[in-house]
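A.B. asks: First the structure, which I've put down as structure tokens, then a few questions once you've had a look.
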């Protein structure tokens, strides 16, 4: 064989060997998925106010978590997208889940009750009520929360 024929054969073999062998290979190759910025998971639920946590799990602060419902059916589409997504929330549970709603920890397959998802949020709300306020302001805030005074009342 001549030198050009060998070169062409080598180039052909090289191009075949560097192909991506998984069925849903991302643009840029298999390793490029690690470098890609994570996007937010698809919105779902009533009024699209939640985020997908798994193929049939939709969670939002206002409604909790919906599993296997018509509102969570849209989350199955997430499996067909080539780039990974991040649902949000802090890590919780032993299965590598994320806090999805108040007191709920979800992974891609299920949701469980988790006190760590509840305690920090409640602590943050209590702390923000009193931060930087004198006692008169604190009493007014408490009365407004109880609905006993209007927010526009002056002293």
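Just so it is clear, glycine is given a Cβ too, placed from its N, Cα and C backbone atoms.
Okay, so Swiss-Prot annotates it like this:
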DISULFID  20-25  disulfide bond
DISULFID  41-85  disulfide bond
DISULFID  44-58  disulfide bond
DISULFID  52-75  disulfide bond
DISULFID  59-65  disulfide bond
DISULFID  92-105  disulfide bond
DISULFID  99-117  disulfide bond
DISULFID  106-111  disulfide bond
MOD_RES   28  glycine amide
SIGNAL    1-19  signal peptide
A.B. asks: Using a 10 Å cut-off, grab the number of neighbouring Cβ atoms around the Cβ of residue 106 (disulfide bond), all chains included.
C.D. replies: 29
A.B. asks: Among 58, 85, 92, 99, 111, all listed as disulfide-bonded residues, which has the most CB atoms within 10 Å of its CB?
C.D. replies: 58
A.B. asks: Counting Cβ atoms within 10 Å of each candidate's own Cβ, which of the disulfide-bonded residues 41, 52 comes out highest?
C.D. replies: 52
A.B. asks: Using a 10 Å cut-off between Cα atoms, which of these disulfide-bonded residues sit near residue 111 (disulfide bond): 44, 65, 92, 105?
C.D. replies: 65, 105
A.B. asks: Which disulfide-bonded residues are spatial neighbours of residue 75 (disulfide bond) here, meaning Cα within 10 Å, out of 41, 58, 106?
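C.D. replies: Of 41, 58, 106, within range: 41, 58.
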A.B. asks: Go through 75, 105, 117, the listed disulfide-bonded residues, and name the one with the sparsest Cβ surroundings, counting other Cβ atoms within 10 Å.
C.D. replies: 117
A.B. asks: Using DSSP with the three-state reduction, classify residue 41 (disulfide bond) as helix, strand or coil.
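C.D. replies: It is coil.
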A.B. asks: What is the nearest of the disulfide-bonded residues 41, 52, 58, 99 to residue 65 (disulfide bond), using the Cα of each?
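C.D. replies: Result: the closest of the disulfide-bonded residues to residue 65 (disulfide bond) is 58.
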A.B. asks: Among the disulfide-bonded residues 44, 59, 65, whose Cβ has the fewest other Cβ atoms within 10 Å?
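C.D. replies: Result for the disulfide-bonded residues 44, 59, 65: minimum number of other Cβ atoms within 10 Å at 65.
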